[in-house]
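Now, the feature entries from Swiss-Prot:
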- 1-27: signal peptide (SIGNAL)
- 34-94: domain 'Clip' (DOMAIN)
- C35-C93: disulfide bond (DISULFID)
- C46-C77: disulfide bond (DISULFID)
- C52-C94: disulfide bond (DISULFID)
- 135-399: domain 'Peptidase S1' (DOMAIN)
- N140: N-linked glycosylation site (CARBOHYD)
- C166-C182: disulfide bond (DISULFID)
- H181: active site, charge relay system (ACT_SITE)
- E202, D204, T207, D210: Ca(2+) binding site (BINDING)
- C211-C221: disulfide bond (DISULFID)
- D249: active site, charge relay system (ACT_SITE)
- N311: N-linked glycosylation site (CARBOHYD)
- C315-C332: disulfide bond (DISULFID)
- C342-C375: disulfide bond (DISULFID)
- S346: active site, charge relay system (ACT_SITE)
Amino acid sequence: MASTERNFLLLSLVVSALSGLVHRSDAAEISFGSCTPQQSDERGQCVHITSCPYLANLLMVEPKTPAQRILLSKSQCGLDNRVEGLVNRILVCCPQSMRGNIMDSEPTPSTRDALQQGDVLPGNDVCGFLFADRIFGGTNTTLWEFPWMVLLQYKKLFSETYTFNCGGALLNSRYVLTAGHCLASRELDKSGAVLHSVRLGEWDTRTDPDCTTQMNGQRICAPKHIDIEVEKGIIHEMYAPNSVDQRNDIALVRLKRIVSYTDYVRPICLPTDGLVQNNFVDYGMDVAGWGLTENMQPSAIKLKITVNVWNLTSCQEKYSSFKVKLDDSQMCAGGQLGVDTCGGDSGGPLMVPISTGGRDVFYIAGVTSYGTKPCGLKGWPGVYTRTGAFIDWIKQKLEP
């Protein structure tokens, strides 16, 4: 049996022993050395689980998501056989800021998450982690993958017809990052469609709530999806919808109200520090969405693909035949036969996992801009707006 499975089995055995508040012994105040917590950059202490409310409360949650199970198992740092009771013996790596008295077992969004203002970007202790125009040749995601993915919902003028035409990524409690052409384009003008709302926490557009059956036969359902009306769209001032180059193809969508984070609704991280200037050449990245499949029909289920980033010079050589001139604010990825972003995935994130504080954190390296028609042509990568080139612009546009 794998170490992770053994650890979780041990933690599972104590669930039935937890009822209401966990009683702490004097030994629970002892630290067994420093450690690196699973979901925090700060240093942690190896302590009794009863001294770590964050993990003690999580232990009492049923049913647990796969990510919660993994977090619990990987957080265990030992056993203290000097004390009585299986619960009291478990040692976990707890971030210093999360130690203290045990709180109520009912899980609720943290105060920090619930009250975060629109001009505040979350740290990588909150954003970019998993509790998995255009996806072509993709595979299904799991129910919990990419919780920052959103659908942009459009309403036709003088009609009650709604459609999902673009994707995007949640940046914080109030803003979504998407492509400029998702807010201004000839196609939108012709169709008479206007951006109306944003859907969060979606996986399968045919069902609400979304449910999945695990290998052990247990059926788990996510909360119902959330539709929030748009307060305003902010298109980059230098974006020209009719330009063949499609530079500055980036936009922000401000929601009418703040959204609280959950396992199924969570922001992705913006590039920071050295990632801002990184062009990510030869990196493998993930793209996800509900766009057209190889059958040229929108996918009901969120799909994902893995693409490799091209050298910009090589990409320019491909697109020069279309008189396209790429610059450093753009990047290219993909080009594998039958694997591409496609109609409906525009505005979605190009995601790169970076090991941070002992876990993978997803950053939004790019925003889906455009590609070839038909999608998925061998040797033709898709073009993305490079997010790192617009960090200052994004921060300037955020409001409380």
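Placement of Cβ uses the backbone N, Cα and C atoms for every residue, glycine included.
Structure with Swiss-Prot features highlighted.
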residue	record	Cβ within 10 Å
C52	disulfide bond	28
C77	disulfide bond	20
C93	disulfide bond	25
C182	disulfide bond	28
E202	Ca(2+) binding site	23
D204	Ca(2+) binding site	19
C221	disulfide bond	13
D249	active site, charge relay system	29
S346	active site, charge relay system	29
C375	disulfide bond	26
| said: Using other CB atoms within 10 angstroms as the count, which residue among the disulfide-bonded residues C94, C211 scores least? | reply: C211
| request: For N140 (N-linked glycosylation site), write down the residues of its own chain that are at least 6 apart in sequence and whose Cβ falls under 8 Å from its Cβ; none is a fine answer. | output: I301, K302, L303, K304
| Given the recorded positions D204, N311, C332, which one's Cα is the least distant from that of C182 (disulfide bond)? | C332
| Do you see any of the recorded positions C77, H181, C211, C332 whose C-alpha is within 10 Å of N311 (N-linked glycosylation site), and which ones? | C332
| field | 10 Å Cα neighbourhood of C93 (disulfide bond): matching recorded positions from T207, C221, S346, C375 | value | none
| query | Of C94, H181, D249, C332, which recorded positions come within 10 Å of D210 (Ca(2+) binding site), going by C-alpha to C-alpha distance? | reply | none
| request: Using a 10 Å cut-off, grab the number of neighbouring Cβ atoms around the Cβ of T207 (Ca(2+) binding site), all chains included. | output: 15
| task | Sort the recorded positions C94, C315, C332, S346, C375 by C-alpha distance from T207 (Ca(2+) binding site) and give me just the closest. | result | S346
| message | Around H181 (active site, charge relay system), which of the listed recorded positions (C46, C52, C166, D204, D249, S346) come within 10 Å, judging by Cα atoms? | response | C166, D249, S346
| Local Cβ density at D210 (Ca(2+) binding site) - other Cβ atoms counted within 10 Å | 21
